[in-house]
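A quick write-up on the structure given underneath.
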2 protein chains.
Amino acid sequence: MTRHQEVHQTDASELANALRFLAADSVEKAKSGHPGMPLGMADLATVLFTKHLKFDVKNPEWPDRDRFILSNGHGSMLQYSLLHLLGYEGATIKELQRFRQLHARTAGHPELGYLPGIETTTGPLGQGLGNSVGFALGERMMNADFGDDLVDHRTWVFCGDGCLMEGVGQEAISLAGHLKLSKLTLVFDDNRTTIDGATSVATSENHAARFAAANWRVLHADGHDHDDINEAMTEAKTSDQPTVIIARTRIGFGAPTKEGKSIVHGSPLGPDELAGLRKNLNWPHEPFVIPEPIKNKWRSAGVAGATERLAWQDRLKGISPATREKFERRISGKFPPTLEAEVKAAIKSAVATPTAAPIRKGSLAATAVLQNSMPELVGGSADLTGSVLTKPDNMQLVVPGEYAGRHVGYGIREHVMAATMNGLALHGGFFPYGGTYLTFSDYCRPSIRMAAIMNIRVVFLFSHDSIGVGEDGPTHQPIEQLASLRAIPNLRVYRPADGVEALECWLDAALHSGPSAMVVARQAVEPVRRVERPDMPSRRGGYVLQEAREKRDLTLIATGSEVDLAIRTAALLEKSNINAAIVSLPCWETFDVQDQSYRDAVLGTGPRYAIEAALPMGWGRYVGSEENVFGVPSFGMSGPGPQVYAEMGLIPETIAESILNRLGAKQSVTA
Amino acid sequence: MTRHQEVHQTDASELANALRFLAADSVEKAKSGHPGMPLGMADLATVLFTKHLKFDVKNPEWPDRDRFILSNGHGSMLQYSLLHLLGYEGATIKELQRFRQLHARTAGHPELGYLPGIETTTGPLGQGLGNSVGFALGERMMNADFGDDLVDHRTWVFCGDGCLMEGVGQEAISLAGHLKLSKLTLVFDDNRTTIDGATSVATSENHAARFAAANWRVLHADGHDHDDINEAMTEAKTSDQPTVIIARTRIGFGAPTKEGKSIVHGSPLGPDELAGLRKNLNWPHEPFVIPEPIKNKWRSAGVAGATERLAWQDRLKGISPATREKFERRISGKFPPTLEAEVKAAIKSAVATPTAAPIRKGSLAATAVLQNSMPELVGGSADLTGSVLTKPDNMQLVVPGEYAGRHVGYGIREHVMAATMNGLALHGGFFPYGGTYLTFSDYCRPSIRMAAIMNIRVVFLFSHDSIGVGEDGPTHQPIEQLASLRAIPNLRVYRPADGVEALECWLDAALHSGPSAMVVARQAVEPVRRVERPDMPSRRGGYVLQEAREKRDLTLIATGSEVDLAIRTAALLEKSNINAAIVSLPCWETFDVQDQSYRDAVLGTGPRYAIEAALPMGWGRYVGSEENVFGVPSFGMSGPGPQVYAEMGLIPETIAESILNRLGAKQSVTA
């Protein structure tokens, strides 16, 4: 080692130690948190943020910045320490001192929107790694649209063993390798320690070989040697494959008795250990005190990217106004002005030529309409393109190495499909949707939850939405999935009843800032919307589709494929002189926030019954009791769809008879 | 090739063709199904079932049989054809002709219990592969208990690309390699075709390298060359690692225009293609007609294992009566006679010394009690052993290569943990449970659903069950998970309120034949059960924990950690002369099947309110409207647990005040 390198190394160690002590002291003060990872990854973070990451703290939303993702989100204090030292607005010492306290911007795990510089919410392992596929893919797809001058940045991810053990992490590795996302670099904190002890208690994976099998470039580094780290990161930037840097580290680096041990993962060090850490790392400073020279070096690193950003701004000014407008609209997430009109035109045409069709087909038509004015629309499927109907004819495939297409073949990897969609949305410039069968929404549920927590605009498209699936049987017939999705806070769950409602629901999802699940039937149904309604009533969540012929005796509420069933049931009831209004309720979440008088008028004052080929759970809020729901309380069965419907009592005759009996019973009671 | 081999090969091809045509003709008749895989894997199945698999059709439950798992369950007709030709009871031609029809034993995907020889329900990709880890581990663990004489069998799995792309499949590969499950053989149908086209559209994985990285033995075979297949299967049996046979096959083998194409995967061939198949494979026989010589060969294969089974029966007779009794009880799944008494004794002692404790600790104590009389109890954790509290002190670890222990370190692989537990239960001889945080129940949800469909006895243990988690924040605070788990048909969801209820709930789960979720709080609560109740009332799902002092004015219903909160709320209400009864409702599913009079008596006739730190969804059935629930309607927040509770209004003062207001309002309305 030359004298120069030695000095350099010493300086950099001090920078890293500043991160270490801010993290350890904050955890100590909070009496809660995870010091082990920040102590272990501080050197890696220092080299990345001072030498490689392209960013500018004064412009944290600069579209061409590199993205940094902390997939091992429990190490949040590493990120908060970085944000503070680099000078991000709001990442004050005071906030660090409020780590993990109510309403602090320094939550237990990094939360999107709490502080600038946090690109995604992490914590549940594997999610950040999954997102990173979307970030890196988004960069390539924007680059395909706008060229190197405007889009040329990298995605850097930190992760630990947990992210690699999780299935979603494995799916991410496989997909990123396939898609040749060469600007994705994963820094693996190879500390060989998990909560339960040495990683060897639960895994024998040869990580290098595993990544190589998925077509990743594999590099190794001593995670505490800054030169070694720097060399690996430099090399990663030249790779034509995604790159993993397997960085050998010591968890809890520097802690006198806890370094390298599980115990340092998730609890404060305690005063003695922390004092020992200070001694070991030659850090005499009080908690939360960072010497000026060190602080200044970090602050310089925070603005070092300004030159590059200004050059980028110049390039942006240099392009044609039309391109610039396109680029800026895409990045801003604003809607194309033509969108609503195009959807209305499509509705007009659909109403004019009503034909029985699978609702999934209506959904396909809707995405085709959206695609016309939304180049940001990115479809995709977990190997069910022609079955879920995710790809409009003129939507091109995304191909490894070429990213001008708009439909991603995620393979049979539902979980990372959802996580990638989240990453695409977070990257900016895209409105992603991706499809699988509703029953397999369970496979992507953890990522759906993350979209809901982050409130990002993605559409999870789920077809084959009921026992109507038929012959494939219980494993493929969703029963509880509608209720389970509706249970996720902040997720809009749409279940359109025909092609017109599909258009309205898709428009609503596109204009909504948060995530949606679009649930569509496989089987053909009669169109239920046969007259034009300029108010696009699905956008209110629920509406009177068909008023009772005379005074309303009761209200039949249904969603999706069961709206047609409700109409046919009403026709039977009419023969017994019972006048039923039909309410279509494609989106509970939207309906629930309409004003009371609207909701009351829609639902009516008489008896109400719901028809939905799913678990009745949750319907009580509209029909008083789950007993007033014609649903499916148990798992399904294998057989032709219409027969399964009949077996479950979901045919007009059975429902009408049951309603008449109940009305009779009620009348006799009240009489 | 010698003349002998040629003849042999021809014969075997005819055996395989019998499978092919039963499958293709059944799909054709059903006008629905998946012919591609049976045509492609028929040769592999023929060699496996005629030369390697140890079984006896007359004794399909023989404990020492090899297990066969069709992880690519859409190829169900391959399995049904095998079951028919081998002579399994009930697998008649008539049933084959009823493939995919209502109430047929030949459902769209293989369903446990529909026909003998089906070891697990498959269809959702990756699940069978996940189960297989449990089957193979179960064999080793039973072997550790009872020796080679009684337990010495193998687990054979068929799978396709889908199972390998799924995260749960990847987790299974990693875990099986780590656990050195050398008697597990995976036959991978490497047909390079998925629904969306060539597998190359979505994956570039080097499968051989990937398996090798996880410490698997990797063999290759031409999947249509019986000698090659035989050699690989023979070699697999000598491996000291789990083995994958990468079998190169052609999907839709023999179909004139559809072979090797995606279109043959999931639709009937059609009459012309089927006629062409007959011609190509030289199969002149009518649909469902199998020539006697071929049939006889298959029938012989079906009983070839009888000799081995009889030898095994002899060995069983030869062992000591005590060991035999133990073995037979374990296999039968019968409960140890001492179980209930031991739990009662533990309750007696718990009631005698009431102390505040985390409910997860009560759960740990319960598993320790169960373990005393249940050697079949197998614990495990997804890297949260000391946090979820899954391992009683005297439960030993399962170590790769040594299987006498009873606690499995699943690593950070929640999904395959659940799938493995299912496999252990299905293997027989075990009552598995495994733990993670409740918020991560989402990660294992597809496997929980499979347990519910199959009605097998496993306990999914989930701790950190509410906003009480505190500082870890929104990603780690379950909100919708309780509702989502309750939504799964046939799953019992328990949420005990203290150590005594934990004992009762665990006993109930142990005595119940189906699956359960055991949901326990991380934080300490005051014990709510302070007097002995020999009826163990949690076993009725819900009960009056504390009657109102005088006439009951209202009922407060709660679960888990909120029962104590309800008691404290009632104490406040009492000061306003409102007499509240406290109902603890640890298991909705059990309560809902109690007789009406019991339920009415418990719930009372007055106003009812529920307190549960979770989404109110579903509570309407007990309290009339979700508005009467004190719950958590949105995602949580990072901060100390008690502060988050207060922020959400879940403290006695806020709840009591709200109830008093409502009663006042109601009184004014009725006045």
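Think of each number as a place in line: the chain as shown, counted from 1.
Glycine is treated like the rest: Cβ placed from N, Cα and C.
Per TrEMBL, the feature active site, proton donor maps to B:GLU414. For B:GLU414 (active site, proton donor), the same-chain residues 6+ apart in sequence whose C-beta sits under 8 angstroms from its C-beta are B:ALA382, B:THR436, B:PHE440, B:TYR443, B:CYS444.
The substrate binding site annotation in TrEMBL covers B:HIS34, B:HIS265, B:ARG360, B:SER387, B:HIS464, B:ASP472, B:HIS476, B:ARG522. Annotation note: B:HIS476 (substrate binding site) sits in a helical segment as assigned by DSSP. Within the same chain, the residues at least 6 positions away from B:HIS476 (substrate binding site) whose Cβ sits under 8 Å from its Cβ are B:TYR437, B:THR439, B:HIS464, B:VAL469, listed in sequence order.
B:HIS265 (substrate binding site) is surrounded by 22 other CB atoms, counting those within 10 A of its CB over all protein chains shown. Summarising the annotation, TrEMBL assigns thiamine diphosphate binding site to B:HIS74, B:GLY123, B:PRO124, B:LEU125, B:GLY162, B:ASN191, B:HIS265, B:PHE440.
Counting Cβ atoms from all protein chains shown, B:ASP161 (Mg(2+) binding site) has 25 others lying within 10 Å of its own Cβ. The annotation Mg(2+) binding site is assigned in TrEMBL to B:ASP161, B:ASN191.
Per TrEMBL, domain 'Transketolase-like pyrimidine-binding' is recorded for B:357-528.
Taken from TrEMBL, the feature site 'Important for catalytic activity' covers B:HIS34 (among others). There are 25 other CB atoms within 10 A of the CB of B:HIS34 (substrate binding site), with all protein chains counted.
According to TrEMBL, the site 'Important for catalytic activity' annotation covers B:HIS265 (among others).
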Filter the binding-site residues B:ASN191, B:HIS265, B:HIS464, B:ARG522 down to the ones with a Cβ under 8 Å from chain A's Cβ atoms, keeping sequence order.
none
Listed substrate-binding residues B:HIS34, B:HIS265, B:ARG360, B:SER387, B:HIS464, B:ASP472, B:HIS476, B:ARG522 - what's their greatest C-alpha to C-alpha distance in Å?
48
On the Cα atoms of B:HIS74, B:GLY123, B:PRO124, B:LEU125, B:GLY162, B:ASN191, B:HIS265, B:PHE440, which are listed as binding thiamine diphosphate, what is the maximum pairwise distance in Å?
34
Taking DSSP as the reference, which of helix, strand or coil describes B:HIS74 (thiamine diphosphate binding site)?
helix
Based on DSSP, name the secondary structure state of B:HIS265 (substrate binding site): helix, strand or coil.
coil
What same-chain residues, at least 6 away in sequence, bring their CB to under 8 Å of the CB of B:ARG522 (substrate binding site)?
B:PRO358, B:ARG360, B:SER463, B:HIS464, B:ASP465, B:GLY468, B:VAL469
Just the number: how many Å between the Cα atoms of B:ASN191 (thiamine diphosphate binding site) and B:SER387 (substrate binding site)?
44
Candidate binding-site residues B:GLY123, B:LEU125, B:GLY162, pick with smallest Cα gap to B:SER387 (substrate binding site):
B:LEU125
May I ask which of the binding-site residues B:HIS74, B:PRO124, B:LEU125, B:ASP161, B:GLY162 is closest to B:HIS265 (substrate binding site) if we compare their C-alpha atoms?
B:HIS74
Around B:HIS74 (thiamine diphosphate binding site), which of the listed binding-site residues (B:HIS34, B:ASP161, B:ASP472) come within 10 Å, judging by Cα atoms?
B:HIS34
